Every structure is written in C-alpha cells, then in structure tokens.
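Trainee: My questions all concern the structure below.
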Amino acid sequence: MDIVTPFQFSLVYNAFSFTFAAMAAATAFLWLSRSQVAPAYRTAVTISGLVTAIAAYHYFRIFESWNAAYVLKGGVITATGFAFNDAYRYVDWLLTVPLLLIELVLVMRLSPEQTSSKTVRLGFAAALMIVLGYPGEIAIDIPTRALWGTLSSIPFVYIVWELFRGLGESIEQQPAAARDLVRRARLLTFASWGFYPIVYMAPYAGLTGANVTTVIQLGYTIADIVAKAGVGVLIFMISSRKSQAEGHVAGVHAA
Ligand SMILES: *C/C=C(C)/C=C/C=C(C)/C=C/C1=C(C)CCCC1(C)C
C-alpha cells in the first residue's frame, strides 16, 4: 500500500471524521422535521434521512479503516499491514444511489404508474453503474480502470438523460412555488454526480501513489456531502414548499 505523508493522513482523517458528523446531523434534521411536511411527502423525507444514516455508518467504518491502515509515530507514517478498505464506499453507494433517485422521484409526486416505472428503471441503472465501476476502482492498471469506468458510464449517461428529459417534463407540472427548488435539486444532483467520474479519472491525469489515494478519497467525500446531505435538505425544502402550496399547515394535524 502507498504510504501517505503525515499531512495527507490528517487531511483524509479529518475529512472522514467531519463527514460522519455531517451525515449524522443531516439524518437527525431530516427525521425530526419529517412531521412538518404533508403526509404525501413524508416518505421522500424519511428516505433522504435513511440515505444520510447509511452514509454516516459507512463513514464511521471508512474512518476506522483509514485509522487502522496507518500509524503515525514521531512524525513518521508507516503502514500497519491492514489494507484500507474501499469496499465500504461501494457498498454504501449500492444502497444509497438508488435511494437518492427514489427520493427525487417521490418528491415530484407523479402518478403511481410513473412513480413505479421510473423508480425501477432508475434504481436498476444506478445499481448497474456502481457494480460496473467497482472492478475498475480496485484495478491497479489504467487500461482496466478505463474499461470498467467506460462500461459504468453507460448506465450513468442513461440516468442523466432520464433526469433531464423524463423528469424535465414533470417539472412543468410542479406547483409554481416549488418549481425552481425542484430544478435546483436536479441540478445539484447532476453536478455532484458528474463529479464522481471526474474523481475516478484522477489516475489518468498522471497522479500516482499516495497523491491519487488522497485526491480520490477527498473528491468522493466532498461529492457525497453535496449529493446526500445537500440534496436531502433540498428535498425537505421542496416537500415543505409543496405542502404549503397544497394547503398543509406545518405543526397542525389534519382536521
Ligand atoms: C452518495 C453517492 C453517490 C451519489 C454516488 C454516485 C456515484 C457515481 C455517479 C459514480 C459514477 C461512476 C462512473 C460514471 C464511472 C466511473 C465509476 C464511477 C462508479 C465512479
């Protein structure tokens, strides 16, 4: 395993620790605020909190794994022999990426047929994208990484297309007060998701060894905060805006 510098070690260590806290805080916020939105949107908010809860757990495990992989003594880092486990991240994505797409579809409140067909198609494409990306992530040579990365990009392109074209039509049917927020949630999803394949390509840019490890870990971590906690809070805001537009009064139970 490549030995990171003490600076790189602390940077990644602190990023993982911060992200665990951010995901846990987002979970508490989402679950505690759930009752402020109309019943029709509660599942979307619950799932948003589930995504950050699953991520909080995995960041705790990733943090522990990072901490176990290296030892810092007298300003010098040595490898302990326990490999840093990247699989936590991919298992996390396998669960959270389909759920993120489901929360986006649910908050749109489409017809039941549209909801289930979009959920199934997007969920399946998302899982396929993650499964195809993993062999490339752990590959040690660039051609293998590029091959799996390219295969993984096929379902990725489909998802982006579906978010822009398919959900685009539904955006026009959203209440005027929520339309901009829904557009923003879609854009934030698109921008943060687009960041993952860019981070994945870091080794193509000539980065090697501990530098590439650091860039990849920090890059995915930043993208995760935006894609999960950031989008989760937007989902809550959309739900509350739409609840108001539909006559729901926060804190008052339906008469
Ligand atoms: C919370 C985690 C999220 C939103 C993860 C999203 C991950 C991606 C959009 C990953 C995409 C990839 C490609 C399109 C090609 C290279 C391999 C991946 C898996 C990094």
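Don't overthink the numbers, they just go from 1 along the chain as shown.
Each residue, glycine too, has its Cβ placed from N, Cα and C.
So TrEMBL has the following annotated:
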type     : residues : note
TRANSMEM : 12-33    : transmembrane segment
TRANSMEM : 39-60    : transmembrane segment
TRANSMEM : 90-110   : transmembrane segment
TRANSMEM : 122-140  : transmembrane segment
TRANSMEM : 146-164  : transmembrane segment
TRANSMEM : 185-206  : transmembrane segment
TRANSMEM : 218-238  : transmembrane segment
Trainee: Is the count of Cβ pairs under 8 Å between the transmembrane segment (12-33) and the transmembrane segment (218-238), pairs 6 or more apart in sequence, 3 or more?
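Mentor: Touching, yes - the transmembrane segment (12-33) and the transmembrane segment (218-238) meet the threshold of 3 or more Cβ pairs under 8 Å.
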Trainee: Do any residues, 6 or more residues outside the transmembrane segment (218-238), come within under 8 Å Cβ-to-Cβ of it, and if so which ones?
Mentor: 11-12, 15-16, 19, 22-23, 25-26, 29-30, 33, 37, 44-45, 48-49, 51-52, 55, 89, 96, 100, 103-104, 107, 178, 181-182, 184-185, 188-189, 191-193, 195-196, 198-199, 202
Trainee: What same-chain residues lie close to the transmembrane segment (122-140): Cβ under 8 Å, and 6 or more beyond its ends?
Mentor: 86-87, 90, 93-94, 97-98, 100-102, 105, 146-149, 151-156, 158-159, 162, 200
